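Taken straight from TrEMBL:
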{"type": "ACT_SITE", "residues": "His109", "note": "active site, proton donor"}
{"type": "BINDING", "residues": "Gly12, Ser13, Asn14", "note": "N(1)-(5-phospho-beta-D-ribosyl)glycinamide binding site"}
{"type": "BINDING", "residues": "Arg65, Leu90, Lys91, Leu92, Ile93, Asn107", "note": "(6R)-10-formyltetrahydrofolate binding site"}
{"type": "DOMAIN", "residues": "3-187", "note": "domain 'Formyl transferase N-terminal'"}
{"type": "SITE", "residues": "Asp150", "note": "site 'Raises pKa of active site His'"}
Amino acid sequence: MVKLAAFASGQGSNFKAIHRHLKKLSLPGRYVLLISDRPNPPVADFANAEGIPFLHLNAKGFSSRDDYVKRLLTELKAHKVEWITLAGYLKLIPSEVVRAYNGRMMNIHPALLPSFGGKGMYGMNVHNAVVDSGVKVSGASVHMVDEEYDTGPVIIQETVPVTYEDTPEEVAARVLEVEHKIYPQAVELAVKDKIRLHGRRVEILP
Ligand code: GRF
């Protein structure tokens with residue numbers, strides 16, 4: 001069984017979708033830890049109900065950055081975490097953790113990377129920018145996490161149409177539906193060990 005951790009700051013609808021997918025299909029992966037930078041995010045209630053340990057860890061609660069990073073790594077090790085999934089986590093993951101989980105940490109972004117990504121591009125900012133730009137498609141991207149925002153290799157992308165009369169909220173809802181489909185698929189590939197990295201290119205084994 002592949003042990004997974006999730007980092008989430010908010011609703012955690014992606015975390016829930018992944019967790020349900022793993023259980024429903026009896027896939028060889030389970031969440032063993034949920035970490036949040038916030039003390040009581042809505043997603044923590046779901047984790048509690050499902051018996052998944054929840055940890056509130058924020059750099060601000062530590063006397064030094066080093067202590068914070070050490071604690072993060074200690075917790076991940078103690079729970080024997082093999083893969084990390086970021087699901088609406090709004091903080092940058094410390095580079096030490098990214099390096100420790102190189103090729104074993106993924107994120108979902110609510111647009112077609114490398115467009116509409118980067119610092120400040122989260123939540124409705126993304127969908128506002130998409131609508132303002134006039135593009136005819138948007139979508140979701142599951143990607144590996146590297147030391148920058150939204151720049152890691154893409155694992156799966158799926159598009160949604162955008163019409164001239166769409167509001168950012170309508171695009172967001174359409175994209176979220178696709179997120180709940182492709183993020184569980186990507187995690188399924190990870191726990192089945194079907195993902196291979198070739199530089200920036202990701203191979204999906206049959
Ligand atoms: C999603 O749109 C995701 O793409 C982005 O943050 C949002 C989180 O939603 N990274 P949720 O917390 O999973 O419901």
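Every residue gets a Cβ built from N, Cα and C, even glycine.
Automated prediction, rather than curation, is the source of TrEMBL annotations.
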Fill in the blank from the handout: Reduced DSSP state (H/G/I helix, E/B strand, rest coil) at Asn107 ((6R)-10-formyltetrahydrofolate binding site) is strand
Problem - Integer Cα-Cα distance in angstrom, Asn107 ((6R)-10-formyltetrahydrofolate binding site) to Asn14 (N(1)-(5-phospho-beta-D-ribosyl)glycinamide binding site) - result: 10
Problem - Cβ neighbour count within 10 Å of Asn107 ((6R)-10-formyltetrahydrofolate binding site) - result: 26
Fill in the blank from the handout: Checking the binding-site residues Gly12, Ser13, Lys91 against ligand 1, those whose Cβ falls under 6 Å of one of its atoms come out as Gly12, Ser13
Practice task
Can you tell which of Lys91, Ile93, His109 has the least company, meaning the fewest other C-beta atoms within 10 angstroms of its C-beta, among these recorded positions?
Solution key: Lys91
Problem - For Gly12 (N(1)-(5-phospho-beta-D-ribosyl)glycinamide binding site), nearby residues of its own chain (Cβ under 8 Å, 6 or more apart in sequence) - result: Ala6, Leu34, Pro41, Pro42, Val43, Phe46, Ala47, Ala87, Gly88
Problem - From recorded positions Ser13, Asn14, His109, Asp150, the one whose Cα lies nearest Ile93 ((6R)-10-formyltetrahydrofolate binding site) - result: Asp150
Completion exercise
Counting Cβ atoms within 10 Å of each Cβ, the densest environment among the binding-site residues Ser13, Asn14 belongs to Asn14
Fill in the blank from the handout: Cα of Arg65 ((6R)-10-formyltetrahydrofolate binding site) to Cα of Asp150 (site 'Raises pKa of active site His'), in Å and rounded, measures 23
